[in-house]
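Novice: The ATP binding site annotation in TrEMBL covers Gly625, Pro626, Asn627, Met628, Gly629, Gly630, Lys631, Ser632. Annotated domain 'DNA mismatch repair proteins mutS family' per TrEMBL: 699-715, in sequence order.
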Amino acid sequence: MADQPTPMMQQYLALKREAGEALLFYRMGDFFELFFDDAKVAAQVLDIALTTRGEHGGQPVPMCGVPVHSAEGYLARLIKGGCRVAIAEQTETPDDARERTKREGKPVSKALVSRDIVRFVTAGTLTEEALLEPRRANLLVAVAPIRDGVGIAACDISTGRMELEDCPPDRLDAALARLGASEVVGPEDWEDAAADVIVRPRHDFRSEDGETRLKGIHGIATLDGLGDFSRPMLAAAAGLIAYLDHAGRGKLPFLLPPVARGSGAHLAMDAATRTSLEILAAQNGGREGSLIACVDRCATGAGARQLAEDLSAPLADLGAIEERLASVHHFHVDPLLRADLRAVLRQAPDIGRALGRLVAGRGSPRDLGQIRDGLSEARRIRDMLGASADLPPLLGRMIEALGGHAALVDHLARALVASPPTERSQGGFVASGYDHALDALRETSGNARKAIAALEAKYRDETGTSSLKIKHNKVLGYFIEVPAKHGDKLMAQDSGFTHRQTMAGAVRFNSIGLHEEASRIAEAGAHALAAEEAHFEELVGEVVAMREAIAATAAALARIDVSAALAERAAEGDWSRPQMLDESCLEITEGRHPVVEQALAKAGERFVANDCTLAQDDRLWLIGGPNMGGKSTFLRQNALIMLLAQAGSFVPATAARVGLADRLFSRVGAADNLARGRSTFMVEMVETAAILSQATERSFVILDEVGRGTSTYDGMALAWAVVEAVHEQLKCRCLFATHYHELSRLAETCDALSLHHVRAREWKGDLVLLHELARGAADRSYGLSVAKLAGVPPPVIKRAKAVLDKLEKGRAETGGLAAGLGDLPLFAVTAAAEEEKRDALRDALGALDVDALSPREALDELYRLKSEAAKS
Ligand SMILES: Nc1ncnc2c1ncn2[C@@H]1O[C@H](COP(=O)(O)OP(=O)(O)OP(=O)(O)O)[C@@H](O)[C@H]1O
């Protein structure tokens, strides 16, 4: 029979069952220990030693551990590594455990400290400063698929922000891509869930519960005052709150009243578009090289988080965009105000996150200090901005939210020392003068310390031992120590000293006088700590009571920071305020790609600005020209300019008239995306299909060499058909870059399509790329010249030239790839004709009485139908 597991192992296994897939941090004294597979995973992720401890089922138990005092750093790495962690703390002291065991009539030697999981630490439920990135929001998202709609609830518990939305199932991916959540939870029966979704019971996602919980949390009788929430939204809210409850073991973090996100309020972008425009992350996943890295001049982490949100979800409402632009303008025209403001902002602590920790019960005296300092900086900013004449409405609303905290700031200023510590158990954070009783206790222990110093001098004198010292450690408390050779003197019966410990080179003693002073220190210290703790609780209570107003101040500071930072960026890069219009145009004068421009500037090169003038009657530009000529750059810069403008930013152009778009699509031909798992051409086509089904007349589409991921004929045919469909059916603004010269023939049939190319010149046999956009089709492709530029060996180039000459000769004789395409009817016409033909066939089939036909007649009929189908 297998050995019974030890009581400790039984306790561990029970907790581990509760922890489920989360790694169990099992508290043992000053360490969190991990066992079994948890230990193996943690040892690998953390790169720490894996050992063993005891046996289980006849096998050694793998174990590793991390010290409690440095656990945060290890937690951060585990969370980054995709793990979740359950923290099992000791819920009684070893002394209590012994007492309890005695009371239970069991042998004290069997005493086992009871433990409980106090919290699950997961990527989406972090509040600790050390575990969060200051410039990135940390979102937890719950998804509730219900019949034909999906509810989405998102919250950032580090600041309490919460929003609810619903969308059709086919828009879910785009919504999730916009949110960029750290953790997603969904019900167990969600069929399309991605692999990393945390699965929770279906009954957690009941809309009635969502409503009840939200009402309970915010102490309101109805949600009507907060907004219009659909059933899927409430179901998702229920799932989110249930998960937070689970992670916090019943203690809910900070949640602000939810905001309902309207579906048409934002410029919609799907995941592929976000990736290809490199909005928050470059293709390699890092921030460097992304749009945000190039735009972000925010002075605070909260501002940077707000900017990331703005760029992820640009607006689709003219009024709201104009409000933001007016705020940026206000700071753009006043560099002095901007500089002063930004200097103050740089000093302002992250009060949103400090508040999140305090409300979640994980706050420290330092967080209280941050609230104090942040709120008083907010007050300064209010005075600074309030003095400006003609404050734009958005800024006016923001500065209103900055005030109203005078009493709290005053109280915190009186109560706290200048830089309160993160650790509260040691005390020392309440300012002197705030509480006289506390001051008296401190004085007592201060006096006792002086008395101990006096005792030391006295004992040195009395014993004639100048090396005598009074020391302190955790185990013995205060003690007298002399080098071993003087020990005997103090050992004497009547010396007044009692022996405590003999060390290698020293002997330690106690004395009645020292004991008395030490007790006074201990007692006063304990009372002082208790007093500080009570003040801490009271101050936290006061902050928590003001949480919504403080959160509003934090949000206002972030918005002001974003406006000033965008103004700073505009001034730095000579950007201009876009004119926003409610029509389908995009007129950019001397537009630039902000990221490429910045990269070129670093290398001492100049970016060539280009115009773009899309209008209703010239809405599709087909752009050709040599490789490396700047086609992709041009496409993207216009998409980015639109995105920036709708996010409320100035844009990298001399002037811009931007017609509001409802959706933005960006697609890159498959060859650029080799890293993906799926067949690249398949991906390209799936993504193109999404555009064709979702774009509207108000959308803006950029297509970069779509079709090149397959054979030349197929690719060109697809590119041709896609351009026609965009022109004839979607009728949206579109820039289409292609190497297929043949597509230029489309200009003959599509009246709102025009041809453009990036210019290049051959000079003394070498290719010079001008990066300049010009009207008209590209005259040739310069592929071989680019290859030469890239260092392909001359013999290979020579051979390629010979092949090319042959091919071109063939083309001249046969009319080339697109021979015969000239009389091809347009896409819409062909589609209609196709439909008609299919209907004629259907009629003929419908008229057939199959039972009445002989086998011979059936065969004849089949031949007839087939020849009918073949006619066009
Ligand atoms: N307007 C510009 N001014 C200066 N340099 C530019 C400009 N546009 C592009 N470049 C430079 O040319 C390089 C290639 O640009 P881009 O990738 O846009 O070319 P492309 O025509 O799309 O090439 P390919 O057809 O090979 O994909 C960029 O990395 C940049 O360094």
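Yeah, the Cβs are placed from backbone N, Cα and C, and that goes for glycine too.
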Novice: Under a criterion of Cβ-Cβ distance under 8 Å and sequence separation of at least 6, what residues of the same chain contact Lys631 (ATP binding site)?
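Specialist: Long-range Cβ contacts: Ile623, Gly624, Gly625, Asp704, Glu705, Ala737, Val758.
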Novice: Identify, in sequence order, the residues in the chain of Gly630 (ATP binding site) that are 6 or more apart from it along the sequence and have a CB within less than 8 Å of its CB; answer 'none' if there are none.
Specialist: Val608, Asn610, Val758, Leu769, His771, Leu773
Novice: For the binding-site residues listed here (Gly625, Asn627), tell me which residue's CB has the most neighbouring CB atoms inside 10 Å.
Specialist: Gly625
Novice: Out of Pro626, Gly629, give me whichever of these binding-site residues has the highest number of other Cβ atoms within 10 Å.
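Specialist: The residue with the most neighbouring Cβ atoms within 10 Å is Gly629.
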Novice: With every protein chain in view, how many other Cβ atoms are within 10 Å of the Cβ of Ser632 (ATP binding site)?
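Specialist: A count of 22.
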Novice: May I ask you to report the DSSP-based helix, strand or coil state of Met628 (ATP binding site)?
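Specialist: In the DSSP reduction, Met628 (ATP binding site) maps to coil.
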Novice: Write out, in the order they occur in the sequence, the residues of the chain not among Gly625, Pro626, Asn627, Met628, Gly629, Gly630, Lys631, Ser632 that have a C-beta within 8 Å of the mean position of the C-beta atoms of the recorded ATP site.
Specialist: Ala737, Val758, Ala760, Leu769, His771
Novice: Could you tally the C-beta atoms, other than its own, that fall within 10 angstroms of the C-beta of Met628 (ATP binding site)?
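Specialist: There are 18 such Cβ atoms around Met628 (ATP binding site).
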Novice: Mean pLDDT for the domain 'DNA mismatch repair proteins mutS family' (699-715), rounded to an integer?
Specialist: 79
